[in-house]
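Notes follow once the structure below has been shown.
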Amino acid sequence: MGDIKNKDHTTSVNHNLMASAGNYTAEKEIGKGSFATVYRGHLTSDKSQHVAIKEVSRAKLKNKKLLENLEIEIAILKKIKHPHIVGLIDCERTSTDFYLIMEYCALGDLTFLLKRRKELMENHPLLRTVFEKYPPPSENHNGLHRAFVLSYLQQLASALKFLRSKNLVHRDIKPQNLLLSTPLIGYHDSKSFHELGFVGIYNLPILKIADFGFARFLPNTSLAETLCGSPLYMAPEILNYQKYNAKADLWSVGTVVFEMCCGTPPFRASNHLELFKKIKRANDVITFPSYCNIEPELKELICSLLTFDPAQRIGFEEFFANKVVNEDLSSYELEDDLPELESKSKGIVESNMFVSEYLSKQPKSPNSNLAGHQSMADNPAELSDALKNSNILTAPAVKTDHTQAVDKKASNNKYHNSLVSDRSFEREYVVVEKKSVEVNSLADEVAQAGFNPNPIKHPTSTQNQNVLLNEQFSPNNQQYFQNQGENPRLLRATSSSSGGSDGSRRPSLVDRRLSISSLNPSNALSRALGIASTRLFGGANQQQQQQQITSSPPYSQTLLNSQLFHELTENIILRIDHLQHPETLKLDNTNIVSILESLAAKAFVVYSYAEVKFSQIVPLSTTLKGMANFENRRSMDSNAIAEEQDSDDAEEEDETLKKYKEDCLSTKTFGKGRTLSATSQLSATFNKLPRSEMILLCNEAIVLYMKALSILSKSMQVTSNWWYESQEKSCSLRVNVLVQWLREKFNECLEKADFLRLKINDLRFKHASEVAENQTLEEKGSSEEPVYLEKLLYDRALEISKMAAHMELKGENLYNCELAYATSLWMLETSLDDDDFTNAYGDYPFKTNIHLKSNDVEDKEKYHSVLDENDRIIIRKYIDSIANRLKILRQKMNHQN
């Protein structure tokens, strides 16, 4: 066994690797992604034989789905050999890593030609000559010469034809996955070029499809429903979560060809739902920029590829037989310039320099950190790392003076903004949808793994008391617990901060949930806990619950029990006096419950407040208001709304809500385990507030949902780290329930945030149409009030605690006062969190600040300065004061009992 040697002292590769053709030497790191590092390398025995070495750490593939994606890629690449597909030379596995020895493409990927052309013409000797021989149609946009377009179209078609013969669909065709190898290496003329199986123009860089992490075997008649691909190049049927077949690749080909011609994708939007709406609204009418001179035959082909309905879209056989795809390109081949091109190609090979090394600065885009081999490094799903490099949503969040200045400066460069938007959108897709897949996959794995008969106990600073979680378990659940060997009476431990009160002194949340509203129907707690508990956790009648039990898999009969969620949530919130910051605890079986419960409590109070805002935007139906005992009451917020709607309002629905309702009523699944049942009972109307107030409400709700997503994402990452480091793949029922609760809230927050984004964009469009025509876009935007997450939580926490104190003085509803004080404390603790950029367990959660970029140190400092030290001192004083009130209240309650 020989070592992979490394000439670059900045990195270290010391793992043993035996290859059939000899040992390999890793030279310079050329790409680094979420799960892999890509090195430029060569055969140790022959330095002229260059390879790309993709090192994938097993430790990073904690999710079974990620490991499966890598295994799929390896299996596919082993089976396919084609001149226009990046080849797998060798593959080795060790106990800690995978090594994929792959064909080396020194010219990066297609995005270099599209986005970095001017820099390449100045610095890259070969590409400078190529662009001189095949000049772009315009200096003002990123379109390529017709020779490039047709050559790469034919090479794409050749590779796809081969994939179809193997019943393979790639599912992620995009410029970043189309790598370019140096021409005139291994052949010297057109004849030898075509004899090797290549198509197209022999003296242009050769296009090769890479990254088969999303690919799968899919016969022409089969349908898939996994959300894969990058949104700007994704077929509409995938964007709309519909089943799709191999024709999805043809749509992606159409978008790539359009971008090669025009320099920009055919459709752009800030999220995949907006993108789908734009595509559908276009009604198969593809608009080509006026600066693009494209012949009718090529336009017709692009339009046939970009057909909305897959059934009407051009088929593979028709595509392969198309006149443009089969056009003779020999007239573009430059025999006279062959010696010069051949000499410069050999110079590139001999210099052994990657394309990015020729540029003045390492390109942060179009390929982010990977410089041409991003697709290889990010491959088995481009999942977790995107959380630290991109944003969930684009609506306003916590703003600073710095970020506002950045926004204003960026608005002066529309072209730059469009490129940044494209790249940001591609990353956003990874954040939202792939993280959702990861969260649900992990929750399913934990749920199905079984329970540990020795449950993990909850550590507290005082005595532990095991109390009955639910005295009214159904026979089904009773039997299930017995089969699993765990007593349902050991599922939760309530604790008191001041002595030995009986654990049964407090009524269950099911008994109390309607009385919660007596705290004050207009404040946040009544809405947050009343609405969230009754509408979102419960509300199903006995018959519906029985139907769910009979139709659900065994593990879900208990784990998704709404009564269990009621008790779990309440007791976590009430355990505020045992708050331990997760960062101070070691991640092991002893502390996992404390860590997850602290994070779950923070997520719940933020989520609950987001629900208040959501219910103001989309009011509850009359039935639900009756269930929650909120009829005929009005909010006292500055954004006060009437909860009752005139019957006429129910007849008016806007397009966004119609779409949302259709999804809800069909309980469409957004990734495994993600359903819309929680929101399927919404009423059919929006409130009739002024648009400016509705926009503010949407902004506030989105910011709160995003913060909840950030905490929930961190919780699932902590769970993932613990789960995959654990020797035993089993856990207590308590941990299992916590994981399922985190999954449910993550999916719901994600769904509602997406919905609100669509709503706020519609509101902004309508609002903009009402302002004076001479008002500039910047003036319009500046009218929106900035939203600060910390201020939202701080103000609401004080409001809740003041109302609780007022009721305590009257001696009313002491149980609810206790819950109110605890909720207030959790909110204040959450407002002090600075963990949006770091994570004690080595991974990054979602960012909640839209305008910050993870690599910008100055922005991070500005973010943390939203609360200065004086602000923090004030908040800590309030925490101490409210905690003292809570302690006194509990002593009073214990004395009464």
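Note that Cβ sites are derived from N, Cα and C of the backbone, with glycine treated the same way.
What you are looking at is a predicted structure, and each value in this text was computed from that prediction instead of being measured.
Here the candidates are SER375, SER732, SER769, and Swiss-Prot annotates SER769 as phosphoserine.
According to Swiss-Prot, of the residues SER48, SER270, SER638, SER831, SER638 is the one noted as phosphoserine. Looking at SER95, SER330, SER384, SER621, Swiss-Prot tags one of them with phosphoserine, and that residue is SER621. In this structure, SER304 (phosphoserine) is part of a helix by DSSP.
Between the CA atoms of THR590 (phosphothreonine) and ASP172 (active site, proton acceptor) there is a gap of 42 Å. Recorded residues ASP172 (active site, proton acceptor) and SER304 (phosphoserine) have their alpha carbons 19 Å apart, per Cα-Cα distance. Cβ neighbour count for SER304 (phosphoserine): 19 (other Cβ atoms within 10 Å of its Cβ, all protein chains included).
Take the CB of ASP172 (active site, proton acceptor) and look out to 10 A: across all protein chains shown you find 25 other CB atoms.
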